[in-house]
Amino acid sequence: GNSQLGATIVDALDTLYIMGLHDEFREGQEWIDKNLDFSVNSEVSVFEVNIRFIGGLLAAYYLSGQEVFKIKAVQLAGKLLPAFNTPTGIPWAMVNLKSGVGRNWGWASAGSSILAEFGTLHMEFVHLSYLTGDPVYYNKVMHIRKLLQKMDRPNGLYPNYLNPRTGRWGQHHTSVGGLGDSFYEYLLKAWLMSDKMDTEARKMYDDAIEAIEKHLIRKSNGGLTFIGEWKNGHLERKMGHLTCFAGGMFALGADGSRDDKAGHYLQLGAEIAHTCHESYDRTTLKLGPEAFKFDGGVEAVAVRQNEKYYILRPEVIETYWYMWRFTHDPKYRQWGWEATQAIDKYCRVSGGFSGVKDVYSSSPTYDDVQQSFFLAETLKYLYLLFSNDDLLPLDNWVFNTEAHPLPVLH
Ligand code: DMJ
């Protein structure tokens, strides 16, 4: 949005808390108490506000017990509710926080909402209903789920686009990276967060992953397992940095998988982690590109200039951390340390950290942006990778897609 909403402060709060930086945490809390105000005439992304602000505030509340975070999260959620006023109940991508008017991105297929956006509200909204006793949030996300369950899926795959007016799919594109990613993640995490009671979510996850494995996951000539993008019946042999989170997801979902294929999914997670590590290792800066190909002799390397950037994204480190938790193979700490050193060497600037425009260039230029997920996710996952397993054990905590830990609801 165009307002000063303090995304970095909110997104970083729980990282500060987990790292024991309590003075900085208190400063953040004070700022939020005095300045965080959602009655602004600003159009925001429902998804981004949910995962970064509501997720960040809820995690800060659960970790610290400070009421102000809960109050602000609930106020903000109220401002997002008008986005659900569509003919189908599938929310608009954007909403004006003051007027409540919603709309979709101009670039999305046939006026559609995006799967990874309307499908990444479940964890936070279930917690909002739990904390307030008001079922309105729960009902909104369960309505989305029911609607999705009723729809036909081409080849068993969920397309990235769904029109909120007609309830019909847009283009038949499927991705485990951008536009699709966290929808699959939240199916699995809805089950985990419910203490494994929400078996409907687990079934949807298992069905989706089976179709993805069949149609999107391949091995390159050089033996690298990759997840491609499905475009109208054709597989594009390209994988995004965003897709690399799936290694961790497969490992997290291994336990409880259908037909007891736990070993298979842990192995798949390890293969994705390896491929994503290769995408880092094959660059000059040892930082991964935004997207990389497996085509015509090219393996795990970006081809187009506009896919060579690294914007401090967390997904590869996230997967290293999950793989570390489940296997304790020291290579994951080694790979995490390589990434840490590269970030410190090439992304550190006087005012913080910056994205770089070309990971294959020995003299990189900066994009001059420190994304809020750098503090929320990248540094948190690195910190956890080098911490003991009893810091936020996965039996008790489920991380939202922005790495904000929410407790399992027993
Ligand atoms: C984050 O905001 C979240 O992880 C989201 O699910 C995907 N993109 C960014 C980080 O790359």
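Every residue, even glycine, has its Cβ placed from backbone N, Cα and C.
Where the annotation comes from TrEMBL, it is an automatic prediction and has not been curated.
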When you check TrEMBL, which of C244, C347 turns out to share a disulphide bond with C276?
C244
Please go through the recorded positions E48, C244, C276, E290, T401 one by one and keep those whose C-beta falls under 6 A from any atom of ligand 1; give the result in sequence order.
T401
Determine, using Cα-Cα distances only, which of these recorded positions is closest to E48 (active site, proton donor): D181, C276, E290, E315, T401.
T401
Of the recorded positions listed as D181, E290, T401, the one whose CA lies nearest the CA of C276 (disulfide bond):
E290
Does T401 (Ca(2+) binding site) have same-chain partners at least 6 apart in sequence with Cβ under 8 Å from its own Cβ, and which are they?
I51, G55, T120, D181, S182, E185, Y186
So for C276 (disulfide bond), how many other CB atoms are inside 10 Å of its CB?
29
Could you round the CA separation between E315 (active site) and C244 (disulfide bond) to a whole angstrom and send it over?
5
